[in-house]
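Below is one structure; the comments refer to it alone.
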């Protein structure tokens, strides 16, 4: 019934596209008049549009004419005219939706339409890509159109200095990678003046390869971190011990990606630890004093048994580098958290870096939801449409191709073993190579690509390998994968964003020419050669894409297929599978093995059966559903932190903007003074119960006040009067500092202290949230909802953080002094970095940890004192306590608050 209704009325997507086609006629009707304009008149249209917007017009009022102007500009500048389907894609993007357009349909050109239109508001447009190469390429190519029309263009890539980035972000249209945007947002919110920030307020973003960024990378947060003091040596010792374990000592679940010691494993590892004098002979691994070792052991087990070199990570220049499982690219600057990266470094016998403490973090899910208007484009999004709608409120519209797709997608071939599968793949590659048909072979890991490469080398078949190890050559290799007799092996979707043109890409070959020797002649020669090869390739059947395994996601498989058959070109695709493949082995092996046994599959034979295809698709849907739930669950928890992050970042911005820092100082001084007095002189208590001695100690610790006991000796004195006296004494101390340093310098100093203290307590708060998050799932065993528990406890931690902020801030303000030796008397408007250099503290406190707020992950940040999990603290060893909050119970076990016990003299 449903299929009949769809035939009668069409799908919702069909109806949307039909409606959009009716709008395209309005743009096309303007084309003759726009064509008659001179270059100068065409450029002046930008000024005209801006004037209309200034006078109250909306973007929708000028959308058709603006699109017609961009189309004409592209034709004059680049020789490219937007097709009708590209105009439809532009309208979809402008309206804050995702457009699904097949590979080769010109998505880069499509983005110029909404980018130009929305840039007319002067608020900036971000065009987001997945790597630096694409950002540079697109800004250079499409920038010609924008510049012709009088708009400025910027490009953001890694490693740029802030002043260059600031100029690029202030341009009308900015091309940038998703990573740099996220990191710049975090870095901006760690800076000490608005002038140091590089980003403008969020406005409109167009995300290229939107599925890769919003779905594939959604589970990996961007993190800026600083090293903490840690026992790197212990990772090496534990690694050596874990290598001695037997397979029966642990059990792993590949579906759930977990690994745990068995009972025999615990006994075995306890004896090994005892021999190495890591634990005492008569103790258990799970005794209180040894509990910290469990973390190291678990991470070492994961490193050795759940992570594979050249699949999950690679080792380059003595460093362990993470490989993106979806793109096959190295994730520059990323490190696994919770000690896993250190465990991998120990496994690979490279230098073990210190563990890091999070200074700032955000997921792409929450970063991109900051934009008031968001859109995206990709070749594959319909399978993930429910998730994109649910999480980002983005509708997906599939746009028809300009030319009919003639690519032939052949049925999968399934073999009993990996060797049989590889033999069949090799036979097909040999056949295509002999006929000159170009082949692109997709693998799921570097290991598999190199394995296949070695097989082709033995068969003397020339080929190129494209994986994370050769990232710099990625675009060039993939662009030439359509040449006559070309054989290219690519990990997953490496090279995505670069079209494979039949016969080769002449522009990239021309770029490599020596411009001084016969340049024009060589260009003509290259173009002639490419044209000839294109004819040969078309005769051979176009690009043949071979998949060596099914991916967990159908979308990734569709992306691989989409590399062939661009713009109506001929081509073929085929997947080769075996029962040894991860997806088949983990999720579908039993069912499919039964079918194969029933059908009597013999060695070397392949099978094509609808039941197997359905089973495989169900397995993929199962994994997709599981991954979606993981991403959705991550978002639910991250939303809690995101709400708190927004509050902190807004407060930070307000502090920076503030021209009077005394308001918060005075109110907090009064609040703490009242609190301290009431602690030692409770309301309604007798005079003999007042603890004047500890009141004096606490007032000196917090305010640097030398409290006169004679004030209390008066018979008629009240708590209120003492509070007023304390507040006045605090104000007097502050005034004496103003007289010594000047009001303006003190204003800057107080602002700086407030910012650094806020950064410190926020950093500690992130650490606390991380620990809370790690164990919160166990609440389910107590019939409690982990998410509700997390929200409740995270709120309590946030309130505690704000209280700690007030106390640390006041304590620092009243104790600090400035070294004026290197400060010019006339220079009262010191920058924050100068203040940081010249400030001295009267005591050591983690609140004064210095780090470069603008540092990227690669920058060496000074070590910070971290908070230690309470269960890891030795009550008899204060050096093991780490950072202790003033209001926590003292780790020594006395039952008193830390500030009244071991922290009384700080």
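Note that Cβ sites are derived from N, Cα and C of the backbone, with glycine treated the same way.
From a predicted model like this one, the values you see are computed outputs, not experimental measurements.
Annotated features, as they stand in Swiss-Prot:
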type	residues	note
BINDING	86, 104, 105, 106, 107, 108, 499	ATP binding site
BINDING	890, 892, 901, 902	Zn(2+) binding site
REGION	863-887	region 'Disordered'
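Structural mapping of features recorded in Swiss-Prot.
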residue: 86; record: ATP binding site; DSSP class: helix
residue: 104; record: ATP binding site; DSSP class: coil
residue: 499; record: ATP binding site; DSSP class: coil
residue: 890; record: Zn(2+) binding site; DSSP class: coil
residue: 901; record: Zn(2+) binding site; DSSP class: coil
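Over all protein chains present, the Cβ of residue 499 (ATP binding site) has 18 other Cβ atoms lying within 10 Å.
When the alpha carbons of residue 104 (ATP binding site) and residue 890 (Zn(2+) binding site) are compared, the span between them is 65 angstrom. Taking each Cβ in turn and tallying the other Cβ atoms within 10 Å, the top scorer among the binding-site residues 890, 892, 901 is 890. Shown in sequence order, 85, 86, 89, 379, 399, 401, 402, 566, 567 are the residues of the chain, 6+ apart in sequence, with a C-beta less than 8 angstroms from the C-beta of residue 105 (ATP binding site).
Most Cβ neighbours within 10 Å, among the binding-site residues 107, 902: 107 holds that distinction in the structure as shown. Counting every protein chain shown, the number of other Cβ atoms lying within 10 Å of the Cβ of residue 108 (ATP binding site) is 19.
Reported as a whole number, the C-alpha separation between residue 106 (ATP binding site) and residue 892 (Zn(2+) binding site) equals 67 Å.
Comparing C-alpha positions, residue 107 (ATP binding site) sits nearest to 890 among the binding-site residues 890, 892, 901, 902. Counted within 10 Å of its Cβ, the other Cβ atoms near residue 86 (ATP binding site) come to 26, all protein chains included.
Separation of the C-alpha atoms of residue 902 (Zn(2+) binding site) and residue 108 (ATP binding site): 63 Å, rounded to the nearest whole number. The distance from the Cα of residue 890 (Zn(2+) binding site) to the Cα of residue 108 (ATP binding site) comes to 60 Å. Around residue 104 (ATP binding site), a 10 Å sphere centred on its CB holds 21 further CB atoms from the protein chains shown. In sequence order, 101, 103, 109, 110 are the residues of the same chain, not among 86, 104, 105, 106, 107, 108, 499, whose CB sits within 8 A of the CB centroid for the ATP site.
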